[in-house]
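Here is the structure we will look at, set down as structure tokens.
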Amino acid sequence: DRQTLVAVLQFLRRSNLRESEEILRREARLLGDDLGGSVATVASSSPGVAAVAAVPPGKGGARAGTAASLPGAGGSPLRAGPVGGVVVEDQPDVSAVLSAYNQQGDPTLYEEYYSGLKHFIECSLDCHRAELSQLFYPLFVHMYLELVYNQHESEAKSFFERFHGDQECYYQDDLRVLSSLTKKEHMKGNETMLDFRTSKFVLRISRDSYQLLKRHLQEKQNNQIWNIVQEHLYIDIFDGMPRSKQQIDAMVGSLAGEAKREANKAKVFFGLLKEPEFDVPLDDEDEEGENEEGKPKKKKPKKDSVGSKSKKQDPNAPPQNRIPLPELKDSDKLDKVMNMKEAARRVRLGPECLPSICFYTFLNAYQGLTAVDITDDSSMIVGGFADSTVRVWSVTPKKLRSVKTAADLSLIDKESDDVLERIMDEKTASELKILYGHSGPVYGTSFSPDRNYLLSCSEDGTVRLWSLQTFTCLVGYKGHNYPVWDTQFSPYGYYFVSGGHDRVARLWATDHYQPLRIFAGHLADVTCTRFHPNSNYIATGSADRTIRLWDVLNGNCVRIFTGHKGPIHSLAFSPNGRFLATGATDGRVLLWDIGHGLMVGELKGHTDTIYALRFSRDGEILASGSMDNTVRLWDAVKAFEDLETDDFTTATGHINLPENSQDLLLGTYMTKSTPVVHLHFTRRNLLLAAGAYSSQ
């Protein structure tokens, strides 16, 4: 087989095994000219003449970077420029990546190759057709890029025009980027392009379909396509029934294809940590209070059960000391007690009992509202704005006050019971505080669980930590060189995560000015970040249309979820830590089982980007808020019950999503003209929503 021979000769040449190369060449009776210029031959002539590359003009000749030396005057070899290769001053990794597109086939035959394969796939049996159709998109892109790289611009253009209409609708945005790459020079600076090149596109295909494809390509001697399949695609072969069109459509659509099944095999401790035990000294007063109001005493046992529920160690929980978590302060314990009391009065939600929704509309927000967060106890709300300000409002009658000046503080009796009240300066009380410091739009905000701090991240590349005691900036964390799209505090405080345009997420601790972990792996911007309720994991959503779950302990990626057809903009973990809900620009909410690494549901209904997702406090209801000006409530209990998570499903990814998610939709609530950017359930399960009124 001539092509194999050429490859072997090239290998010998690179390894400097000249003798073996000569012997093989004599055996095969091949001279340089026969090889179509793909191997530069060594002319064995008088010593004065250096090696000459036999490259017929116009053939795009020697392998990238094998610069042939030409005989100059007096036999001194001159270094010629790279033949058909890459300009030398380019960064090494980029040139290495692109040089894989060295010329291998006849440019005029590319359309024939592709349409031949297309005909074969379209005529194959239905059960194989759906699986093999996944090849169309990656092959189309690689063949087009190969033509462009080797400067066959007209062939590339006609190839693109002839076949781009056949690709799935969810690749339209990628194809738009691709259509603008018409010259070799365009390819160097294009990140999307480089990602597509460096990461192998993953396809999940059953063994039968794969054998069929392999047989076809070998019979047709269609080496061009076979080479691309081997070099640029990763085919994850499974034994069993081929998947149906619906099953495939649910899972594909990300920049690099599906996740390899191996990627979702690692063990994840998705259980919750045991709550620390402490005495609840307020119980007695509490009971008296209740009796005075004429309420029965029966509430007591119920409250105890709330406290004791988490005493048993969850078998799926991480070890308590797996990552160091901050100690509980007295104020945190008080807050936990308050939380338990509120929980006792919590409304049990369900299809028969939907939450009331209280909507905070930002009016006249000409500064452009870009981010919202609400404290866990629903006492404060913060808005990040495009004019680079951060504005904090008090939602309760209690106004926001700063701490007194140092001179005044020295006069206070530190032993008094109400010392925390006395240190506050009444003169500063107001409903709104404005924090200045960023130099670009603020895209993310997050309150610390103890409500002492506030994080904000901005287009200026920094994350800032603000004190809610003094309403001043304490630290600016610089690590991202580009806009930071989202940031969030850990549910235990101290740690926080940020994600940005540089395609990585960073884990920080408030007292370190350098990140503790850098989570790299996404192929495009990290658009949203969320901590798992046990704080051992972080979920990131990206514009590469995948969601990744990272282990905080070692920085490894332990889950990759594919299935969205647009950039991810919202993430929410269920309160029990088992499930993850994700929303994207495609208007779909997808539900994932973290332990098994499987998609278990799809909620269709929104018609625009989903910017907000939140589970109710006990996880019975999932609320989603979108740019289509609606809040929708979904039945989470029903969505997650009787899941098929047997070994077979996990092994092959054969997921059977119900055709229709309407029976899970409990209600749709329209605003007049306000896109929903944030949702929050209070401790008693009242749903708070927020957004800025838009007057178009």
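Cβ atoms here come from the backbone N, Cα and C positions, even for glycine.
On a predicted model such as this, the values are computed, not experimentally measured, just so you know.
Annotated compositional bias 'Acidic residues' per TrEMBL: 280-291, in sequence order. The compositional bias 'Basic and acidic residues' feature in TrEMBL is assigned to 303-314. Sequence annotations record features per position, and here TrEMBL assigns domain 'TFIID subunit TAF5 NTD2' to 105-233. Sequence annotations record features per position, and here TrEMBL assigns region 'Disordered' to 280-332. Here TrEMBL flags 362-403, 435-470, 477-508, 519-560, 561-594, 603-635 as repeat 'WD'.
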Q.
I'd like to know the mean pLDDT over the repeat 'WD' (362-403).
A. 91
(Q) For the repeat 'WD' (603-635), give me same-chain residues lying six or more residues beyond its boundaries with a C-beta closer than 8 angstroms to one of its C-beta atoms, as numbers and ranges. (A) 343, 346, 348-351, 354-355, 357, 359, 566, 569-576, 581-585, 587-591, 661-662, 664-681, 683, 685, 687, 689, 691
Q) Who are the chain neighbours of the repeat 'WD' (519-560) in space, where the CB to CB distance is under 8 Å and they lie at least 6 residues beyond its ends? A) 191-192, 195, 199, 253-256, 259-260, 263-264, 266, 268-273, 317-318, 322-323, 325, 485-492, 495, 497-501, 503-507, 566-573, 575-577, 580, 582, 584, 592, 594, 597
